[in-house]
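K.L.:
Starting off with a structure, shown below.
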Amino acid sequence: MSERESYAINDTLRSTLSRAITAAYSDIKGLVLISTCNRTEIYFESQYTKAAVVRDFFIRSAGSGYNDRKLFDLSDETHKTANRLLQVSNGLQSAVMGDKQIISQVKEAYQFCLAHNQQGSLLERLFQAVFKSHKRIANESHYRRGSTSTAYRSLKLIEKVLGKSSLSDKRILIVGAGEIARDVVSYLGKFSFGAAYITNRTADKAINLANKYGLFPYDWNLVEAGELGSFDAIITAVSNRQHLLNQPIVSPLNQVVVDLGLPMNVHPVVGTSATLYNVDDVTRQVSQSDQLQAAALNQVQEIIEEELNLFLEWVGKGRVRKIIRKFKEEAEQTVVVSLKQHVGNDRQQAVIRAVRKMTRRQAAFLMSQAQFF
């Protein structure tokens, strides 16, 4: 968990790192940095630069203090890399199978690269395959029916610890107003807490969510001061704020604290006064035995394989097209040189047109006969 914290990418680091990588390696034409609650992944499109080089650059740039290269899986193969992104984006590599938050985090990363013109032709096509596969899986299988988000699982865990029948007497506080916090808030209506509160550094964001979902706003300064003793349950989901809660909470209640932040918002010392869970703890509580979802896995993999093969076929056609184009240009140039030596000026243009027509036909035939893998 501590190593993952060190390599988490927030919006500021994503911007800085993107500029640094593309400046250092000019052959990188496409770059997408994806960061979720339990993974950081870098996808790039280059002519020469290898994955190990970008990994080492990332380790140095992150300033994490960790230089353990074994933390990272590498791939320089288009097939393997494309399959990985398709698997990750559809929640097949998530601690919570089919986690619904993953695709929105992938979209956020892709939208950033589009805004900075870093999509590249291959990555752009690959992300089209990702979004198409996600839509097909939702429409053609029962896979999404068995999946929920880490946020929802956190609320289920709190319900389990406090007791479902006693929730009507309990007060819960959501700390943060970002994507994960919004996800938590959207699920609160499914749980019968007596009162729900929300707080955020930017008060307007918390107030807007409070008004939308019927919550009470809570003063951020009280969070900073550690005045949290009146809550039975606390979920933290603040980006880029390590150890926001760093002291034992003075409270007569048997409190439950769930930390969904990365870096972690809650210092382990809080666990001396409350029952403390982090993201890994939440996912360990999850049962992956949902029958509908499990039964759909083969169908999901088939859809992913179909979209992967279509993408690879497109890549293959592009490579063959370049080879044929080069052959066509060289053949035509050879003919032009020969014409100047053996054909009179009055006939050269007519012969050149005939040759170009012939080479176009040959190129089209070669493309139609090519096999792509």
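Positions of Cβ are set from backbone N, Cα and C atoms, glycine also.
What TrEMBL says about a protein is an automatic prediction, not a curated fact.
What you see is a predicted model, and the numbers here were worked out from it, not measured in a lab.
Not my notes, these are from TrEMBL:
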- Cys37: active site, nucleophile (ACT_SITE)
- Thr36, Cys37, Asn38, Arg39, Ser94, Asp99, Lys100, Gln101, Gln105: substrate binding site (BINDING)
- Gly176, Ala177, Gly178, Glu179, Ile180, Ala181: NADP(+) binding site (BINDING)
- 2-140: domain 'Glutamyl-tRNA reductase N-terminal' (DOMAIN)
- 160-283: domain 'Quinate/shikimate 5-dehydrogenase/glutamyl-tRNA reductase' (DOMAIN)
- 299-362: domain 'Tetrapyrrole biosynthesis glutamyl-tRNA reductase dimerisation' (DOMAIN)
K.L.:
Should any of the binding-site residues Lys100, Gly176, Ala177, Ile180 have a Cα within 10 Å of the Cα of the residue listed as 'active site, nucleophile', which are they?
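P.N.:
Of Lys100, Gly176, Ala177, Ile180, within range: Ile180.
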K.L.:
Among Thr36, Cys37, Asn38, Arg39, Ser94, Asp99, Lys100, Gln101, Gln105, listed as contacts of substrate, what is the widest Cα spread in Å, to the nearest whole number?
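P.N.:
Greatest Cα-Cα span of the listed binding residues: 15 Å.
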K.L.:
Given a separation of at least six residues and a C-beta threshold under 8 Å, show me what packs close to Ala177 (NADP(+) binding site) in the same chain.
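P.N.:
Result: Ile198, Asn200, Thr202, Lys205, Ala206, Asn208, Leu209.
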K.L.:
Reported as an integer number of Å, what is the Cα distance between Gly176 (NADP(+) binding site) and Thr36 (substrate binding site)?
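P.N.:
Between the alpha carbons of Gly176 (NADP(+) binding site) and Thr36 (substrate binding site) there are 16 Å.
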K.L.:
In Å, rounded, how far does the Cα of Ser94 (substrate binding site) sit from the Cα of Gly178 (NADP(+) binding site)?
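P.N.:
Ser94 (substrate binding site) and Gly178 (NADP(+) binding site) have their Cα atoms 20 Å apart.
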K.L.:
Can you tell which of the binding-site residues (Gly176, Gly178) has the fewest other C-beta atoms within 10 angstroms of its C-beta?
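P.N.:
Output over binding-site residues Gly176, Gly178: least Cβ neighbours within 10 Å is Gly178.
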K.L.:
Across all the protein chains here, work out how many other Cβ atoms are within 10 Å of the Cβ of Cys37 (active site, nucleophile).
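P.N.:
Taking all protein chains shown, Cys37 (active site, nucleophile) has 27 Cβ neighbours within 10 Å.
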K.L.:
Quick check: in three-state DSSP terms, what is Thr36 (substrate binding site)?
P.N.:
strand
K.L.:
Within 10 Å of the Cβ of Thr36 (substrate binding site), how many other Cβ atoms are there?
P.N.:
26
K.L.:
Specify all same-chain residues, apart from the site residues Gly176, Ala177, Gly178, Glu179, Ile180, Ala181, whose Cβ lies within 8 angstroms of the center of the Cβ atoms of the NADP(+) site, ordered by sequence.
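P.N.:
These residues sit around the NADP(+) site: Arg182, Asp183, Val184, Asn200, Ala237, Val238, Ser239.
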K.L.:
Other than Thr36, Cys37, Asn38, Arg39, Ser94, Asp99, Lys100, Gln101, Gln105 themselves, what residues in this chain have Cβ atoms within 8 Å of the centroid of the substrate site's Cβ atoms?
P.N.:
Gly91, Ala95, Val96, Ile102, Ser149, Thr150
K.L.:
Does Ala181 (NADP(+) binding site) have same-chain partners at least 6 apart in sequence with Cβ under 8 Å from its own Cβ, and which are they?
P.N.:
Ile174, Val175, Ile198, Asn200, Leu209, Ile235, Ala237, Val238
